[in-house]
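According to Swiss-Prot, the protein carries these features:
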- 23-68: region 'Disordered' (REGION)
- 43-58: compositional bias 'Basic and acidic residues' (COMPBIAS)
- 112-184: region 'Disordered' (REGION)
- 123-142: compositional bias 'Pro residues' (COMPBIAS)
- 143-154: compositional bias 'Low complexity' (COMPBIAS)
- 160-163: motif 'Nuclear localization signal' (MOTIF)
- 233-245: motif 'Nuclear export signal' (MOTIF)
- 262-304: region 'Disordered' (REGION)
- 280-289: compositional bias 'Basic residues' (COMPBIAS)
Amino acid sequence: MSDTWRRRRSGCNDANATEELVYSTVRSDHRQRRPSRGTFVMRENDLYDKQSVSKENDLYESASPNDDKVYTRRGMSTAAHYRDSEHIYETCEGDEFYDACEYSLIGGGKLSTSNGRQSPAKAQPPPRGAAAAPPPRVPTRPPTRAAATSTTPRQQDCAPKQRASPGVNSIKSGKGLAFSGTPKTPKSQWYGATHLFNKNVFCAAVSRVAAAHASDAASALWDLNPPKTNEDLDRFLKAAAIRILVCEGAQLLEVANSTMESTPDGYAAAGPNGYDRRPRTASRRRSLKCKPPADDFFDDTNSG
């Protein structure tokens with residue numbers, strides 16, 4: 001036997017009859033036609049009490065062709081016991097058995113009505129367009145240090161070095177200061193970086209000369225009345241005021257270079273005995289002609 005679902009109509013001759021699926025265990029090769037209503041009598045199996053269904057006309061030739069009665073006769077083999085779970089179902093003429101829609105209640109496999117055996121469910125083939133994923137690659141050896149360093153993100157490149165202003169490198173080199181040699185003629189206009197180069201050289205020369213003058217003024221001021229206690233030092237610092245006036249004129253670069261030769265840093269030389277005043281050179285005597293303001297705290301114009 002095979003458990004199947006079969007379609008059944010609610011009415012045989014009604015055009016508006018509805019269809020429903022009826023669960024049965026009927027085999028398709030045991031159907032008997034009723035001559036009166038044009039229906040089939042379905043038996044569940046061929047061992048149903050070993051009784052066969054036949055038409056009355058087959059047994060008695062005098063019977064009416066419209067006789068609806070069904071007679072049974074004993075079979076030749078041993079009778080089987082009747083089972084309450086077995087039933088007979090009627091289907092209208094023209095009904096079809098949908099083998100493609102018959103599924104077992106367990107496992108979802110398709111049933112065959114010919115022999116009552118259950119066919120295994122077919123596996124769905126993979127789609128043609130989908131490519132099979134490659135198996136995961138298993139490393140045969142641990143990664144080396146070079147591979148580990150290659151996986152790390154590269155550090156950002158160092159920012160480009162900022163270009164130095166024109167003339168700054170020559171000033172830091174410690175060489176003598178000199179203005180730009182271009183243009184050659186005195187009345188020609190400056191162009192390019194000439195203006196910025198000459199400006200940087202001028203500022204460096206003034207800075208060196210002013211540093212030398214400040215060192216000389218500070219040394220002279222300290223020698224006038226050197227403090228001897230912390231209280232004297234505080235009073236001295238409050239009263240000290242040194243003003244530097246740079247007026248070398250055209251000799252600015254010469255004075256700056258001479259200062260650079262005596263003190264490479266542009267300041268007064270600091271010997272083992274402390275600060276020593278620079279000797280009075282011709283350029284220094286010319287710079288002393290530029291007198292500071294009258295209210296200046298320290299004036300060394302008359303100092304010998």
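Glycine is treated like the rest: Cβ placed from N, Cα and C.
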Summary of DSSP states over the motif 'Nuclear export signal' (233-245), given as helix, strand and coil counts: 7 helix, 0 strand, 6 coil
PLDDT averaged over every residue in the motif 'Nuclear export signal' (233-245): 92
